[in-house]
Amino acid sequence: MKNTADITVLGAGSYGTALAISLASNGHRTMLWGHEPEHIENLKNDKSNEAFLPGIPLPDLLIPEADLATALAASNNVLVVVPSHVFGLVLSQAKPLLRKDSRIVWATKGLEPETGRLIQDVAREVLGDEYPLAVLSGPTFAKELAAGMPTAISIAGTDPQFTKDLVELLHSPKRLRVYANDDFIGLQLGGAVKNVIAIGAGLSDGIGFGANARTALITRGLVELTRLGEAMGAQASTFMGMAGLGDLVLTCTDNQSRNRRFGLALGKGSDVEAAQEEIGQVVEGYRNTKEVYTLAKRLGVEMPITEQVYQVLYKGKSPVDAAKELLSREQKSETSSAE
C-alpha cells in the first residue's frame, strides 16, 4: 500500500501541488514528485508547500516523493504539471520508468518553445503511440483550488475510457467540477493563447488604459484564439467554454495571474528582465508569446494583439507604441474573417 497510488503528479510547483491537494482531498492516494529533493523534503517536514502555497496543509493522502522511479511505479495514471519548456525533458526522463499500463495527462499550458508545436506532438515524439494521452485545462488559480474554493475545468483525451476515469478521479462535488470535452487540440491551444492576451491586458492597464480597453482586448483576443484554433482543426465552440473564454477572462482580469502582472509591470516601465524578477515565478506567457507568434506566422493566421505583444517582449517596442498601432489599424467589420 505504501508504494501505490491512485494517481502520480509530476511537478511540485503551485499548480501541481494544488491539483494533488484536490485529488487527495477527494479521497485518492496521490503521489507528488518534484525534481528538487530538498523541496520535497520540505513538503514532508512542513506538511505544506511553503514555497508556493504557504499556509495550506497537505492532506494525509498526499505523498511527496523525490525519486521519479518510485513515483511512476506507484500508479498507471500520470498527471504532468510542469512548464511547457521542460515538458519534453521531463517526459523523456519518465519514459523508461513508465509502467506498461501508464496513461498520461497533462495540465501544462503552452506550446513547444521555438517550434510552436502542440504539447501532444511533443508527447507523441517522446512516447510514440503506446500510451493514452489527455489534457486538462480551464480557469484555475492554484491558490484557490488548493484552498478548496469552487473551480471548473475541462478534460479531453485520445481514449474515451481514460477521459471518463479522469473525470471521476478529479471531480469533487465540494471543490472541483470537471467537464469532458472531445476537442483535444482546442483545449491545448486555449491554455497557451490566453497567456499572451493576458500580458496584453496587463500592458493596457499598465499604461493607464481602463476597463473599456481591457474588455476590447479580451473580446478580440478570443477572436484571435478562435481563428488560430480553427486553422489547426479545433472546434470554435470549445473557445466559448472553460479552456477558452473562461481561462481568458480569469487570466486577463485578476492580479493572481502572473501573466497579467508581468504585462502590468512592463506597461508601467519595467523592462522584460526586471518584470520577470518582480513576478518571482515562471511567466509562461513570455515563452508562449513567441510560440504562438511563430505558429500563427507559419499558418498565415492574422493575430494583431499577439503580434504587438511579441513586438514589446522580443523587439523592444514600447507598450504605448504597440497600443497606438492596434488602435490605428484599418477599420473592418467586427464579423469579418480578419481583424
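From the backbone N, Cα and C atoms, a Cβ is placed for every residue, glycine too.
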One of K100, K109, K290, K297 listed by Swiss-Prot as binding sn-glycerol 3-phosphate at the site of G138, T140, K194, D247, S257, R258, N259: K109
Co-listed NADPH-binding residue [Swiss-Prot; alongside S14, Y15, H35, K109, R258, V282, E284] among A66, A142, A231: A142
Cα-Cα distance maximum in Å, computed over every pair in S14, Y15, H35, K109, A142, R258, V282, E284 that the record assigns to NADPH: 22
Neighbouring recorded positions, C-alpha within 10 angstroms of D247 (sn-glycerol 3-phosphate binding site) - of S14, Y15, A142, K194: K194
Cα separation, K194 (active site, proton acceptor) to H35 (NADPH binding site) (Å, whole number): 27
Binding-site residues compared (A142, V282) - the one with the fewest other Cβ atoms within 10 Å: V282
Three-class DSSP secondary structure - S257 (sn-glycerol 3-phosphate binding site): coil
